[in-house]
Amino acid sequence: MAASSDGGNTCRICHENLPKKYRRSIFSESFGVFSQLTQVLDIQPHSNDGLSSYVCGFCFSKLNKLSKIDYDLVNKMGMLQKEKQDLVLLLRTKYMTSIPANEDQKPRSCVTPRKKFDSNKRMIKHSPTPRKLKIRPNVGIRTPTPKKAGDSCTAKPSVSFRPIAPKPVASGNEDTVKALDREEEVKSQKHIDSGKQFIQCSPQRIQIRTLTTHQTDSSTPPIAKSNNYRPIAPRPGGGDVIRTVSHEEFVKPKRRINVNLFSPSKLKVLYQTKGKTNSRIVKDADTVKLVKALSKGMSKQNIAKMVINSKLKDEISKCVFKEINKELETLISPKSRCVLRGVSSDKIAVFRFKTLLFEVQLHAPILYKCLSMTLKDSPVGMAMTAAIILKKRNMHMSSFHHIVSQILDHGGTSDETISILHKLGLCASSQSTSKKRSELVERQNFHVKSLILDEKESIEKSQTDQGILAIDLKSADIVGDNFDILKSPSMMTKERQRKSWHWFLLIGLDKRILDRNLSQDQPTTSINDVNNGIFIPNLDECHLLEENFVFHIMKILVKHVGCLKKYEPYLPRHITHPYLEQMSKKSDFAVLDLLDKNENKSEDMISILEHIHKEYIPMTMDESRKVIKKKVFGGDVLTNERAYSAQLAMLNGSSDSDRLTGVIHRPEGLHRMMNLCLLVYQKFYKEQSAGDVGTLSQLRNVTRRLDVHGSDDVIKSYRSHFAFIEDYLDAMVTGACLHLLGLESLDSQPTSRQELFEAIPDSDKLKYIKDIARDILDKYINISQDLQDIEQQVQELDLETLHLKNMFDPSTGIYTCSACTKQYKIEGFLKRHLVQKHGWQGVTNLQRSEQTDRVAIYHSSLMKCALLLRDTNDAYKMGDGDRIMMNAKFQMLLSGVGHHTKYQLWLFRFLTFGLCLLSPREKFEYKWNCTTNICGGIGRNIPNDNLVEIMVHRLKEKVKLQGANVTFDSAKKSALSLQIQDEIKQNLMRELQMKPKSRHRPKVAKTCDIELMIAELRKADVFSHHSDRNYAHFSNFQDLFRRVKVNDLHKWISDQKQRLSYELI
């Protein structure tokens, strides 16, 4: 059949037109009846056969029914066959166990002789009709009453009779006996109606023996004297006929009912008690209906409806309620070990609704069915309702209520609100919530033990760091930050003044990147022997940074330029590194402790370090207390400076523990990027330059970024200031691309360097967009090659320093001239001597030519800093330790130019720890564990100090809710229970199948702002180079890297190396 024109929208079976919502796709994964459809069509459908890909709902339901039939044919036929075999085996076993030992003694029943079988006649199968017996009043009935299990059933007869004597038959005359037997079979039917009946009873069968009319009851002896009496069947010829009937037919004989005794409004019921048959007239209408329904064999459902609609409804309800009450008592019993009794911290953190419902179904099935019918099989509603009911029955069934109260407390609910919900029976009381929060600390301590203390115990037990190589234990760094709270009284007096509390929060971070195969041997060379050039970016690092800049430029182009957006699929998603997979995993961290110490006080900072050494640093157990393995202690620059000063104050200690040498300092990334952003605003943003078109201040006013206020508010509002720098960089790069390709707008097509997109291969597509990014970098950003000049000059200074060092004698402390052997005590005098007497040319700052277009230099230098800030931020997001370490060299140069001496010093120390002061294993772990991933996923890492800031912020919110009742103990309890409450909340969200709240901020369309900035930059013609052009408030502007004074930098590095040589042990 040819397909119709709209065959794509019709049913494949009935060919009806289908609306969109009634279609069932044949080729989807959820279409589970494909084989049945093939049976109907006799061909296997294909997606490219030109026919419809849908079926209607009616045909789909029929296919489902056909699928069920196929399932039953496969599965239920075997079950029925097995049931048949079991039934045949059961009946066969009964048959084999009831065969008499002597076959000739079997009692013969009265049967009708069969006619001769006619093979020409069709056989008709008749179902046997049970024959009714007429029992005479004078018949003796012998009811079997077994004494024990297995005894023969005997009973006293209702009338006395004696057994009939058989006619004598000559012994040995077997032919005569057989003839008589045949005669008896022929005449048996005639004697049944005319004779009396004699009963023969045994455990297997009851025999009714019909007596002829000439026999009387007087010839029958009484059998009541013997309980085991069994009448013997007479020999043939006596006229007696024996018929075997069932035991139930004889014990309960049917009676004739006199219909005249009844009326339509009455019902007579016969029942048997203690062997007597009694009767009762039923007059109640509801009971009459019920008895009639039972006698008619109506369905259980209809009978149940009649009962529940009768007067018995209240009584039945009471019985049901009584059974439910018994079930509840069983469920709340301590012996049942119900999950609701588990109120410990480790149990409420892993609470499961399925476990509770299983226990309710097991111990209280009626209650379970009631809940199921009432709540429409809602597992959550059933579990919650059962928990509330059981809590009302027994106060110890409170696990669910504690979970709810902890989640409310975690979310910042007030005690008053918790108390209201407690009165409603929905959660625990506020007092119980506070006590339970204290118990949650035990689970937090267990977390801390597995994260950091197990490693410490293992190392101390083996007395070497190598002892944990065969043990899969976690290793953690420590990060800390200050926790400040200001408490102001509502009514201030002389005694009631503001209270300022300064505490210190410690957090342990699991190291995700480890390499235990690296050497743990400390470097043997002194830091003074290290060349200063190792701290300055070399040529390879400059090229690598430029490649990273090109990657970021390409990302900007495919995001904003319309004609280049089609190249986005051919760009790499990330700047990769060897440990990208490990960095995408979720980090494990734990709140270690909250200390009542102020890091701004030297004594308190020493106490903090002593606490860290005592609790977390593995040391030998002897008197020397030597540190076996050091741990990284990270934080912002202020925390690092205070800790470093505390170590200097304890240098005279007698042991490693006293000297506090067990920590390695590391300035973390968030405050490092804040400092770089601050430097950008200090050097490139001035409110007075709002009249200079194209400057940051003027672009801020055009785009109305009212949350940007310059260098004064960068630390307070870092996010808004960072976002404005990012938008400026996008606008500059996009405008440079428009200028390079000759585009009028973002949606225009290029007039030059146009490629046939469909014709070129994928590799050439990447090369095309990369060439454009490289041209933008060379023409608009790298106007001058300042970094290469700095590297060359530092290398010359290293050679000069090495030459002077060879002239120095450490034993005498005197410099000896290598040319004339003249001696000097001061290095400067030796240099002057070499210049004046021997014509030695010292290294001086290079006089480099520079562009006179100060506007172009302003924007090129700003784009360099913005790209460095973006690349550093991306390095922390990706957890790229190599880029983090490399960019620190460039930032150290800029910090020196911006006179950020403290950050320049700590970036230098960061480089010394990561490059030359630590063992190979320590250096590897130092640079590759600078980030934390709290959500999991590629590119979702954050700096370690950012995690501390998040935890401090959350803790401050919880402490503020305590109001005037806040104390250090309550704040510490909140800090240590914060993660466990979060774990309880996450567990309940999984049980409720809730999606976690997204941690991504919504993306904001900034195309309008980018276009406004590009328009202003084009108005100022910043993409063209003009000599002698200047901004009024940035006159004679120089590139920041050109401002580096190499001689002063080299001398500063030498001084810092000399200082570290005796400050670090």
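Each Cβ is built from the backbone N, Cα and C atoms, and glycine gets one as well.
If you check TrEMBL, you get these features:
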type: BINDING; residues: C11, C14, C56, C59; note: Zn(2+) binding site
type: COILED; residues: 780-807; note: coiled coil
type: COMPBIAS; residues: 212-229; note: compositional bias 'Polar residues'
type: DOMAIN; residues: 9-83; note: domain 'ZAD'
type: DOMAIN; residues: 815-838; note: domain 'C2H2-type'
type: REGION; residues: 134-176; note: region 'Disordered'
type: REGION; residues: 212-241; note: region 'Disordered'
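Excluding C11, C14, C56, C59 themselves, the residues of that chain whose CB lies within 8 A of the CB mean position for the Zn(2+) site are, in sequence, T10, R12, I13, H15, E16, L18, V55, G57, F58, F60. Sequence-distant neighbours of C56 (Zn(2+) binding site): residues of the same chain at least 6 apart with a C-beta under 8 Å from its C-beta are C11, I13, C14, E16, L18, Y22, R23, R24. Listed in sequence order, C11, R12, I13, C14 are the same-chain residues at least 6 apart in sequence whose CB falls under 8 Å from the CB of C59 (Zn(2+) binding site). Taken together, the residues of the domain 'ZAD' (9-83) have an average pLDDT of 84. DSSP labels the residues of the domain 'C2H2-type' (815-838) in these numbers: 12 helix, 4 strand, 8 coil.
Under DSSP, residues within the domain 'ZAD' (9-83) fall into helix, strand and coil as 39 helix, 7 strand, 29 coil. Remark: of the binding-site residues C11, C14, the most isolated position is C14 (fewest other Cβ atoms within 10 Å of its Cβ).
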